[in-house]
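Here the structure comes first, spelled out in structure tokens, and everything after it is commentary.
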Amino acid sequence: MEYGKVIFLFLLFLKSGQGESLENYIKTEGASLSNSQKKQFVASSTEECEALCEKETEFVCRSFEHYNKEQKCVIMSENSKTSSVERKRDVVLFEKRIYLSDCKSGNGRNYRGTLSKTKSGITCQKWSDLSPHVPNYAPSKYPDAGLEKNYCRNPDDDVKGPWCYTTNPDIRYEYCDVPECEDECMHCSGENYRGTISKTESGIECQPWDSQEPHSHEYIPSKFPSKDLKENYCRNPDGEPRPWCFTSNPEKRWEFCNIPRCSSPPPPPGPMLQCLKGRGENYRGKIAVTKSGHTCQRWNKQTPHKHNRTPENFPCRGLDENYCRNPDGELEPWCYTTNPDVRQEYCAIPSCGTSSPHTDRVEQSPVIQECYEGKGENYRGTTSTTISGKKCQAWSSMTPHQHKKTPDNFPNADLIRNYCRNPDGDKSPWCYTMDPTVRWEFCNLEKCSGTGSTVLNAQTTRVPSVDTTSHPESDCMYGSGKDYRGKRSTTVTGTLCQAWTAQEPHRHTIFTPDTYPRAGLEENYCRNPDGDPNGPWCYTTNPKKLFDYCDIPQCVSPSSFDCGKPRVEPQKCPGRIVGGCYAQPHSWPWQISLRTRFGEHFCGGTLIAPQWVLTAAHCLERSQWPGAYKVILGLHREVNPESYSQEIGVSRLFKGPLAADIALLKLNRPAAINDKVIPACLPSQDFMVPDRTLCHVTGWGDTQGTSPRGLLKQASLPVIDNRVCNRHEYLNGRVKSTELCAGHLVGRGDSCQGDSGGPLICFEDDKYVLQGVTSWGLGCARPNKPGVYVRVSRYISWIEDVMKNN
């Protein structure tokens with residue numbers, strides 16, 4: 001080990017950072033470290049900060065922060081592993097990847113983790129100490145070898161990996177048990193594999209994740225930022241037994257990849273629980289009975305049900321005996337049953353303390369724009385989307401961001417699910433985001449206008465309006481206000497803005513009329529030259545406050561009724577239509593009832609334009625004569641429709657191309673668009689709904705005796721990738737690329753007969769988009785048989801052509 005010719009060892013250590021780029025850093029917006037050892041510089045770019053960090057000699061620079069508006073750079077000796085992380089405005093944290101890693105690549109020559117015990121458990125001696133062993137490798141001799149404190153290192157390129165001198169006088173040195181990084185091999189089921197293997201086990205080249213050719217799919221990289229879906233590298237984004245990819249062979253949709261298992265043990269798991277927290281992925285109790293009383297099948301057995309959720313495929317998921325577990329990210333722990341007629345079911349696991357199940361389930365924001373009073377500290381609405389459209393992280397979750405704003409630490413702040421809140425008195429409600437690169441953002445909420453208004457709570461929604469009496473109608477913004485050109489010149493706290501050309505009280509060189517000539521930096525008006533997602537801002541005339549945001553209202557849409565935006569907010573409903581929940585009247589205003597000319601309801605449909613309805617082609621099998629049908633819009637009751645509902649006949653029928661189960665109905669006259677009748681939005685051509693997106697089905701269909709018919713019902717269903725849906729145990733290859741699946745695989749209901757032709761509607765950004773037409777399924781609410789829907793995005797050209805030419 002240390003008996004080689006040390007004279008040449010310096011060749012092994014290139015200057016840290018030489019040739020590096022920002023790709024070697026982890027970036028997190030809105031995060032700041034509490035660091036004692038740091039230096040501050042003036043810097044206008046992140047590249048300048050990086051150069052300062054690489055040149056630092058007084059301490060090892062592990063991270064830096066760049067403050068854009070302050071033109072400031074702070075380089076630091078610590079990172080998020082050794083220092084607490086705080087949320088902060090206008091800062092981007094950059095941390096060197098090498099110092100965040102707790103694993104080794106190859107022989108660990110570049111390992112810079114903090115393990116300080118040997119394989120046998122002996123504490124390491126500090127590299128700078130001379131006792132009990134005089135070291136041959138010391139920080140002074142090898143300054144670039146990372147010989148800090150008593151951390152395990154490999155300064156001599158030992159093939160056996162990192163080691164250290166020990167504190168045992170009888171044992172000079174010993175190797176350390178540093179786990180291998182998952183860039184050359186995989187631990188567990190390869191969920192964290194980040195290597196570059198890009199061929200399947202049969203040798204087929206992988207299809208890039210951001211491509212939809214030759215196979216269209218739902219795993220869109222931008223929708224899964226934490227899954228590292230880069231290039232065409234093998235990955236495991238969905239809880240499979242091992243990494244896989246879509247293939248470049250049109251005849252072979254997907255295949256597993258041959259990733260070798262790491263020889264070292266996997267990193268230690270999180271705390272193992274005897275109760276249910278979140279989705280129960282860390283549950284290790286001994287309950288072995290399902291909710292309906294079926295005894296669980298042993299995980300290592302293939303009778304009565306064959307499966308691949310075995311201990312061999314999921315070695316880190318605790319698949320012991322026949323205990324309920326959640327190896328694949330389902331809603332809660334489950335098991336295969338010993339009943340041949342019931343493949344799998346959820347288990348009844350008691351919750352941990354006061355935590356409720358599914359607290360990590362991401363909820364969508366309401367379409368009706370909620371508002372808040374004051375700073376929003378008493379806001380109790382259900383918005384869960386940030387101002388830039390990112391989904392909020394649940395307050396009880398530590399993924400992807402570790403934090404201390406938990407329900408236990410702030411019991412009076414109503415930190416429920418992932419709803420926007422203001423537990424710390426910021427300027428408005430905010431949340432941590434589901435994007436690993438953006439720690440937090442303010443939420444997509446407006447301040448309530450007017451006086452004497454009451455505080456919004458979870459049961460009340462209000463539509464904010466612009467106070468045109470105090471500000472001209474043009475003094476409002478769209479989106480983040482990058483194009484705002486109004487004359488507001490005070491911050492949210494009422495402080496007067498500093499002129500953009502002024503250098504007092506705050507000096508600045510970046511955001512001036514000369515450097516940003518097209519940003520409208522006139523006078524001291526609020527502007528957003530850097531595209532800040534939190535909106536327009538300005539430097540302030542307060543010497544102690546460099547900058548602050550301005551309170552600019554959102555512009556009211558010129559359209560009275562936008563597609564996909566109901567005037568009544570749909571309720572959050574955890575059930576399905578079978579045994580599901582009743583919809584709020586008129587919360588799905590595009591839903592139509594397709595009836596015979598005698599008034600009998602037999603199918604659903606979706607209004608997509610004032611004179612056009614989309615439904616299923618099989619709903620029109622009883623007659624090719626348009627006069628045989630009529631639609632009713634704006635109703636909630638199936639029988640005895642409300643007086644304000646609209647009954648309109650059908651003038652023409654258009655069935656989809658190539659016998660697709662989709663059809664357009666042209667109405668005798670345009671529907672009157674009002675607060676009870678609003679069209680749904682259409683998706684873009686060939687858009688793919690990401691896997692596990694929560695969508696909604698509505699209808700008056702069969703509830704199998706679980707609730708009375710007559711009122712419109714709704715159900716929430718996750719989209720399932722066709723690759724999964726077509727497995728033998730589910731729909732066995734029946735689902736086409738022009739169709740999509742949605743439902744719960746563990747056997748609770750979805751849409752049923754009577755809902756045919758109705759919508760599968762998904763929330764996107766700030767509106768509901770029609771992604772599917774209810775088409776078929778194997779029975780109703782049968783276990784392992786999700787519903788199948790025509791993929792509307794595949795027929796956008798056909799829809800547009802029919803409507804344009806007729």
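Note: Cβ is positioned from N, Cα and C throughout, glycine not excepted.
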Recorded disulfide partner - C257, candidates C234, C275, C296, source Swiss-Prot: C234
DSSP-derived structure type at C371 (disulfide bond), helix or strand or else coil: strand
Integer Å distance between the CA atoms belonging to C526 (disulfide bond) and C371 (disulfide bond): 22
Between H618 (active site, charge relay system) and C555 (disulfide bond): CA-CA distance (Å): 43
Cβ-Cβ neighbours of C476 (disulfide bond) (radius 10 Å): 19
Disulfide-bonded residues: C103, C352, C762 - member with fewest neighbouring CB atoms within 10 Å: C352
Residue counts (helix, strand, coil, in that order) that DSSP gives for the domain 'Kringle 5' (475-555): 0 helix, 13 strand, 68 coil
Chain-internal residues near C124 (disulfide bond), provided their CB is under 8 angstroms and they sit 6+ positions away: S116, K117, T118, N150, Y151, C152, C164, Y165, T166, T167, C176
C725 (disulfide bond) CB neighbourhood, other CB atoms within 10 A: 24
H618 (active site, charge relay system) - helix vs strand vs coil (DSSP): helix
